[in-house]
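Novice: I grabbed these lines from Swiss-Prot:
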type     : residues  : note
CARBOHYD : ASN77     : N-linked glycosylation site
CARBOHYD : ASN203    : N-linked glycosylation site
DOMAIN   : 246-358   : domain 'Cadherin 3'
DOMAIN   : 359-472   : domain 'Cadherin 4'
CARBOHYD : ASN424    : N-linked glycosylation site
CARBOHYD : ASN730    : N-linked glycosylation site
CARBOHYD : ASN761    : N-linked glycosylation site
DOMAIN   : 775-878   : domain 'Cadherin 7'
CARBOHYD : ASN1039   : N-linked glycosylation site
CARBOHYD : ASN1111   : N-linked glycosylation site
DOMAIN   : 1319-1431 : domain 'Cadherin 12'
CARBOHYD : ASN1325   : N-linked glycosylation site
CARBOHYD : ASN1349   : N-linked glycosylation site
CARBOHYD : ASN1492   : N-linked glycosylation site
CARBOHYD : ASN1576   : N-linked glycosylation site
CARBOHYD : ASN1691   : N-linked glycosylation site
Amino acid sequence: MKLPLGLLMICLGLTLAKGETNLPPVFTQTLNNIILYENVTVGTVVFRLEAYDPEGSPVTYGAIGADHFSVDPVSGNITLIKPLDREEKDTLKFLVSIRDRVDPEGESERDNVVEVPITFIILDLNDNPPEFQNTPYEADVNEDAAVGTTIFDKITVKDRDIVGESLDLKCLPQQQSPEACRKFRLHIIKRDATILEAAVVLNDTLNYNQRMVYHFQIEATDGPHKTQTTFEARVKDVQDKPPVFQGSLSTVIDEDSPINTLVLTVHARDGDTGEPRKIVYDLRTNPNDYFLLDAQTGELRTAKPLDREALEDSTGIISLVIRARELVNGVPSDDPLTSATAKATVTIRDVNDSPPVFNHKEYSVSLLENTLPGTPLALDMSVSDADVGINSKFALRLDDVSGVFDVEPKLVTGYSQVNIRVANGTLDYENPNQRKFIVLVVAEETDTNPRLSSTATITVSVLDANDNKPVFEQESYSASVSEAALPGQYIATITARDVDSGSYGDSGIRYSLSGTGAELFHVNEQTGVISLANCHDNGESNRRERRDLNEDEHVEEDDGEGHLEMLSMEAATREIGTEPTVQYTLITQAPEEQASSVPLPAPVPHAAPSGVPAATANDDKAPQTCLDYESETTYFLSYKATDDNGRGSASVVSLRISVTDANDSPPVCESPLYRASVDEGAVVFDSPLIVKARDADTMSRISYRIRGSEQVESIFDIDRETGQIIIRPNATLDVTNLNSDQLIFAVEANDGLFTAHCGVNITVRDVNNHVPNFEQQSYSAVVEENSEIGTSVERVHATDLDTGKNAELRYRIQQGSFDDFGIVETTGEVFVSRKLDFDRRNTYQLQIQASDQGTPSLTGTATLTINVQNSNDKDPYFVPATQHAEVRADAPPGQLVYTLIALDPDVANHNALEFAGTDDITAIDKEGKELPHYDQFKEYFKISRNGKVSVNKQLDRNLFAVMRINVLVTDSTAPNVQQGRGLLIIQIIDVNKNPPRFNAPWSVEQPQIKLQMVEEQPVGTVLTTLQANDEDSSIGEFNISDNDYFAINQTSGMIYTIARLDYEVVKEVKFQVTVSDTGVPALTATADVVVDIINLNDNDPKFSQSDYYFNVTENSPRGTVAGKVEAHDGDVGVFGEITYTLIGENNKYFSIDAYTGNVMVANSSILDREQIKELTLSVVAQDKAPAAVQKSATATIHINILDVNDNAPVFTRDVYNSTVAENAAYQPPAALLQVQAIDQDEGLYGDVRYIITAGNEMGLFKLDAQSGIVYPAQSLSGKHGAYELTISARDTQGSGTMESTTKAIITVLRVNRHKPEFVIPALSNATIEIPGDIVQPDYLLLTVRAMDNDTEENGKVSYHLQVNNRNEQQTGEFKIDEVTGELRAKTQLNRKNRANYDIILVARDAGNPPFESLRLLSVSIVDANENRPEFPDASNPYKVSINENSGRDVKIGHIQAASRSKHNRDIFYYMLLGNEDGAFYVDKLTGDIYTNKSLDREETDVYTLYILASIKADLHISEEERASFSIKTLNRDNTVAKVAITVLDVNDNPPVFEKPIYYAGVNANAKMGAAITLVNATDADQGKNAKIEFMIVASNLYKFGATKSTGSIVPSPFAISQDGRISANTIMAEYNQDRFELEIVARELEQPQSSASTKVNIWVFDGTQLVRVILSRPPEEVYQEQEEIIAELRNATQHRIIVDEIRFHLDSIGRIRMDWCDLYFHAVDPQTQQIAPVDEILKDIDRNYDYLKDYYAGFAIENVVPAYIAIVQDEFDLAVAGLVALVIVLFVGVISFIVLCCCLKHWNLSVPVETRRKEALIKKQIIEDLNTTENPLWIEQKLKLYEEQELTMQVFSEPDHISNSEAPGHLDHRSSLEQVHHVGQTVDNTYATIQPRNNQNRLTGGGGAGGGSMRSGGGASAGGVGGAGLLLARVDPHMNEFADYATLRNNRAPSLYEFTGSTFQAPIRDGDDAVAELI
């Protein structure tokens, strides 16, 4: 640098010295070592040259040799023009020049040029990924290599960058070897930023048999960059597998087998199959040293005698551990890799050497004398035999001379509990000989020789029992008493006798009464004296009388001073919509006034008198008695006598007590309030208004008078005798003159002693006779477009001259609002209801209607015109908001790029919108990176005010590839600024020139790439990675041609496998790879890739079958071929050649040809089927590959030994025993036992069938002949005892000669049906609290009690504690008495040690099987000083009951809490929960519970109250506190009592029928007893009060066509059952076509025997009057939707539809379709009440097709057809027929001869027209089995099935005068059937209807055109198009039954009958008497 500067100074000096020399320009900067990073982007200014000229002339800059840079000659900016790469060159040097201008004219040779070198140093960045060297990586490793062994150390990774993080490696597992990275690890040997060396180290043990090859990915990373390669580790096999046992290691040997008996032979082989070693054996365990094992052969033999009973395992199984060891150098090895153990099991087959043994020798038991037969004795007896199998089978019997007892089971195998039962006879304690029995039980073996046995003794003691009931002298008793009788009045004495003694006899009898009203009477329980009970409470000083006068609405109270206070409540409920008004009047009367004055409340406007009338007596001195004749005249009671002091047996007789009458009843209004309505101006009521009162006393006469205002009495009058209210003749009813439209007053009813007041409410109806009138007929208004919702627009008003509701007006908008305006209904104010839009609608014409509330309602209308004023209120907006444009990179400035689009609904001219761009502009380079904001970006494009976007400056795609400009649109006409924003995206399109190129060895001239790959590589193995480059753009993607084996990563170019490569399938794979760049347009290059596949021995031999089954007959000679096995190896060459060998335990009996695979008999001695039925061999197929890679396969050969028939069936047991409960199911039947007989033969000869030959005389059992399972044939309930059946077994499916028999003993036991139910404690989680800090031992905590509804032993309950799932009598702290249930403390319980215990109580019955119930009990020990009151048994709820309708203040129960305080403090009671409706209240001081209102059981039948006991006298419980209470917490709280109140039923509801009227039909052919219909009535009461009976009270007959009844038929032709089923009570044929109207009454069985009535209309029909609906749904679903189907058919036909039957559908071959059904109905004309014709109903259905078609899919209706169709079979005159036939023959003959002569000279050989017609009709196959219908209603989707037939058939026209052009209305579809038509003319009628033949033809007659006639429907028949075929069959004219559909199908009619396209119309002919079913 110093040298050039020196030279420059010398030159400068010389120049100055001359004085006129021009000095050169000078650089002002140092140009050496300028630093640049290699990632500087192209186009960046990297340096700025600066220089000056001493003379001040301008200078220009230049560069020499600068490949990467360009120099701006003016500014001196050095710009990068080519990407930098430090790895290619880290220093760039070139010359820069500076030139001054000596000549002002321009450049000249005299200009000074200075050239100076410049140096750029390129700094490195981490921009290159790591690179693996010397790939691919692979290694071999032995499977026994030690962990830590280095298996490969040649991994080298280099990084061209010198900066960045240190290189690192990572192992990535692959799908085919997920555990590879666990087996191997990467060890770093050397590492820095540029190079890394590593090794692969074994990290876990290997196993060749588990995996032979491992693949994993090695990933190298330098931080941001990653590179991957594949590593393959191949595992080599070594000798490391222990021996493997083969064959079965289980066998059976007899217990008495001699020493040295062969037990089994052990086989094992070396687990390493390459070079297997020899195996030796030894025993590791040998229980009792029973066995010896041969070390060489593996034979296991007995070493000493065996004893099965000496074994610990009762099953007789001995487990041996056998070791197999490999011989290594002739010495057995002990290490785990060369030895193995296995467990062998030897089962010792038992021999008989042990007798049966009882668990005790002696037993004793007691039982009552009334013990029932079959009851088991309470014995713990069991018996067992230590032997097994038949050696353990023994029989039990009794040595019992009395014959009273029996033992079960009779036969036992091994072990059983023994039951001794009372078998027969009745035990009688009074017989001294029956007080004790001694019985001997004998157990003796049955199937052994000798038969071993043992005995046990049972002593049975009989106890006395109460076995006689008290006996009354009469079956029933009766008595009477006056209703005025006083308490204590004697009524009767009734006693009984009992023949038992002591308390079981007369002295122990106790008497009691029960039944409704029993509380009114008292019986002395010892003497039987019956008297009247005291039912009054006389304990209070002041008399408080609550006398029920008309449901307690009138109450009198005596205050103790002789004054009566009468509380009269008046309540009236007005019409719906008004509130009820109630008036209370309290009148105090002195005693002297009570007899004369009658209080009457003054009328209250709009209030009725008493809701329930009050009655007042003139004398209150009547005696107060308990009986009331008017309430109950007779009491039917049960009188019971119970012995044993009321605890024993009982007898009951009926007792009737009659009550005699007394005069004490006041008059009662039949209705508390009478209502009537009358029009103003009327002179009479529409219906007579009569007020009625009744008096229970028959001698009373009631008179009436009106009590009301003067106005009322001036208008109305009443008849004093009848109570009829009339309008006085001179009275005028005018609403305007009345204070109200309701006149309210009372009518007084008086019988001379009592008075009642009946309320009357008369409404005077206004007449609606004025229409509403608007003030204006037209209104107008203006509203702004931007008005808010709810803005008032206009108010309209109308008036009505009527009054009341007739003058109440309601406004509504009829039309014109378009939901933009609404109106206030009551005020008429119109308001904006939705946002207005002038552009959508600017004018509205609203029609407003005002209507009054009268009946009928009158209306008036007016018009409101609303004009909407527009406002500019909407912003302009771009459409779309983001808009896109493209422009080429070489587009010149000024070129139009895009025109922006925006809209504004408020402006009419688009020119009002102005566009502009914003400064918010962003750009993206061609790499996809967003660039920082530069101001010069806005210079490239220009946006005009009209939205035109154009190029403003030359574009540079290297600077940016995409530009995003935020644009703005403004409404220039808006009063305020209205703008819209959008986004314009402009993409710069590049121009591509150079295609990409693959790396070498690929070239354009030689585009082939050859590769190799070993077969059987896992999917995903990388083949190679192709690389490519492009000079002017980047690489876009790689693509591969379609092939089955390889795919390519489109980004990296990595080619990998997608399928398994098999050399045997494909040896070479060819495909093409295409690479494309990212330029526009994209350019590509293609490489042809050829992959050669390298062969491996990778296929195992495969047998053609995994199992082979061969048959060989017994005694086959040596060499007999049993079969052939075949295997195939998919490899090629020696790898695919196979040899065969046999292995296995039985291989010595057979041999195999090593090459052909033929399996032959080698030793026939084992071929004995009775010993061995099947032999199993293993065959091995091996290829001929070297041992290291040799492969094999194994298959199993099953050789079946064929048999001959030589064995009889043998039952597995001589006697089968089964015990079954009496409730065993028999529908479906439950299996009781299964007998089994084994026939050693096979096939048919071994197929056994079973039959019961004896013992089933009662038919209780049935036997499945094939399975041998015995089932109950009927219910076994009540049929206790043992049944012995003899069962026979016969082979050859029951037809053979071999037979054997056995016995089956079935014992039917009583059933233990019920589980015990806890009574105490009652709650499932009960808690008891024990006071005191310390509880002493034996302290009684609780007496547990449970009930079991079973009887005898099944109902006997014992009590236990559950500990660890076992029932115990005691725990560490508690004990329980098993019988009494007393739970006591076992030890001292100290609260300080433990305060709470949880116990599980168990109640268990003694049934078989026993049932038990569990209950959790918590015991809490509380402080004795706690003084809160508690209920003694809070866990057990109080239970009380009360009759419904009982009055208020009735005491129903009492609760009592106790305080633990030493001081007797007061306890107060508060209601907590359960009384939300206020039905009850509790006395705060006493705990008494009272009713607070009358109860109704039908509303609520059970109440549960929670009542708190507290010491606080003023406790207040808020509603929030009540809502927070938890039922679970209250149940555990001892301070809270739970009271369960049951409301008992009173017969206060009458029956109610489900329908007011029923409709039904009955066939005229119905027999007596035929079911017709069912009527249902229900009673809301309960129990016996809900029981009702049905009666037919009238059977009114309406003859056919009559409108009046001929009267009721007696006796009725119908009967009704007690479940409401109506049936025929006579033959119905005589009433054919008549109608009955039955009056049915449902009446209660209990008093007062309320009743209800209904009517049933029954039509007697003929079968031809039914219509059949076919539905593709089961009957049960159709029953559920029956009413909906009827409703739709009724709407369509306008007839009453009556369903007569629903039954299963029969398909085309006569099978029952359980999922389809047919519904039969008849239709009744509602005007004439007669059955409508079938064709009329079908016409109605046709006409309503559009209405019904929407319903048929939902109801699944497939077809609607007549149930029957009548066909006439006319008489046939043979003589006339013969004459007609002769004339026709002669006529046809003459005509034919003439025609023949005329046509001879015009002979033309062609196919006759008639032949073509017949083919058209006959050759077309008819589709028969279609679910179409004869109604066009159901054919909408089924036309195409007949399309071919419709388009091809020819139809004969009928009369000549009918043509295709005639209208459908000119054809009579029915009557045309009776016409006779000529045949001979044919027409083309595509949619013709084929009708049945004329009535002169027979179905069996000839076919063809001459056999009958057809008529043309002209395309206009009533039926429409398509439809199902109609098949008709002739039947016997005297029969009336269904046709056989199968016969119709098999004996088909000619083709003329096979198609119809119309609705079926039943022919109407005189004399029709033949019936056929329409299918």
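Every residue, even glycine, has its Cβ placed from backbone N, Cα and C.
It should be emphasised that the depicted structure is a prediction, and the values quoted were computed from it without experimental measurement.
Help me picture where these features are in the structure shown.
Specialist: When secondary structure is read from DSSP and collapsed to three states, ASN77 (N-linked glycosylation site) falls in the strand class. For ASN77 (N-linked glycosylation site), the number of other Cβ atoms no farther than 10 Å from its own Cβ, over all displayed protein chains, is 16.
Under 8 Å, Cβ to Cβ, and six or more positions away along its own chain, ASN203 (N-linked glycosylation site) finds VAL147, ARG182, LYS183, PHE184, ARG185.
Residue counts for the domain 'Cadherin 3' (246-358) by DSSP state, with H, G and I taken as helix and E and B as strand, are 6 helix, 54 strand, 53 coil.
Sequence-distant neighbours of ASN424 (N-linked glycosylation site) (same chain, six or more apart, CB under 8 Å from its CB) are PRO373, GLY403, VAL404, listed in sequence order. DSSP assigns ASN424 (N-linked glycosylation site) to coil, not to a helix or a strand.
Sequence-distant neighbours of ASN730 (N-linked glycosylation site) (same chain, 6+ apart, CB under 8 A from its CB) do not exist here. According to DSSP, ASN730 (N-linked glycosylation site) is assigned to coil rather than to any helix or strand.
ASN761 (N-linked glycosylation site): 21 other CB atoms within 10 A of its CB, across all protein chains.
Mean pLDDT for the domain 'Cadherin 7' (775-878) in this predicted model: 89.
Following the DSSP three-state reduction, the secondary structure of ASN1039 (N-linked glycosylation site) is strand.
Around the Cβ of ASN1111 (N-linked glycosylation site), the same chain contributes ALA1122, ILE1199, ASN1200, LEU1202, each under 8 angstroms and 6 or more positions distant in sequence.
DSSP states for the domain 'Cadherin 12' (1319-1431), grouped as helix (H, G, I), strand (E, B) and coil, give 4 helix, 61 strand, 48 coil.
There are 14 other CB atoms within 10 A of the CB of ASN1325 (N-linked glycosylation site), with all protein chains counted.
For ASN1349 (N-linked glycosylation site), the count of additional Cβ atoms within 10 Å of its Cβ stands at 11 [all protein chains shown].
Classification of ASN1492 (N-linked glycosylation site) by DSSP places it in coil, neither helical nor stranded. Sequence-distant contacts of ASN1492 (N-linked glycosylation site), defined by Cβ-Cβ distance under 8 angstroms and a gap of at least six in the same chain, are ARG1448, ASP1449, GLY1478, ALA1479, PHE1480, TYR1481.
Under the three-state DSSP scheme, ASN1576 (N-linked glycosylation site) falls in the coil class.
DSSP gives ASN1691 (N-linked glycosylation site) a helix state. Close to ASN1691 (N-linked glycosylation site) in the fold, though at least 6 residues off in sequence, lie ASN1744, TYR1747, each with a CB less than 8 Å from its CB.
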Novice: On a C-alpha basis, identify the one among ASN1039, ASN1349, ASN1576 that is nearest to ASN761 (N-linked glycosylation site); the candidates are the glycosylation sites.
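Specialist: Going through ASN1039, ASN1349, ASN1576 one by one, the Cα closest to that of ASN761 (N-linked glycosylation site) is ASN1576.
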Novice: Under 8 Å Cβ-Cβ from ASN1576 (N-linked glycosylation site), six or more apart in the same chain: what's there?
Specialist: PHE1553, GLU1554, GLY1620
Novice: Quick check: of the glycosylation sites listed here (ASN77, ASN1039, ASN1325), which one has the Cα closest to that of ASN1349 (N-linked glycosylation site)?
Specialist: ASN1325
Novice: Does ASN1039 (N-linked glycosylation site) have same-chain partners at least 6 apart in sequence with Cβ under 8 Å from its own Cβ, and which are they?
Specialist: ILE1048, GLN1050, VAL1073, THR1074, VAL1075, SER1076
Novice: Over the span of the domain 'Cadherin 4' (359-472), count residues by DSSP class, listing helix, strand and coil in order.
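Specialist: Grouping H, G, I as helix and E, B as strand yields 7 helix, 57 strand, 50 coil.
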Novice: Over the span of the domain 'Cadherin 7' (775-878), count residues by DSSP class, listing helix, strand and coil in order.
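Specialist: Breakdown, helix to coil: 4 helix, 50 strand, 50 coil.
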Novice: Could you round the CA separation between ASN1325 (N-linked glycosylation site) and ASN77 (N-linked glycosylation site) to a whole angstrom and send it over?
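Specialist: The Cα atom of ASN1325 (N-linked glycosylation site) is 97 Å away from the Cα atom of ASN77 (N-linked glycosylation site).
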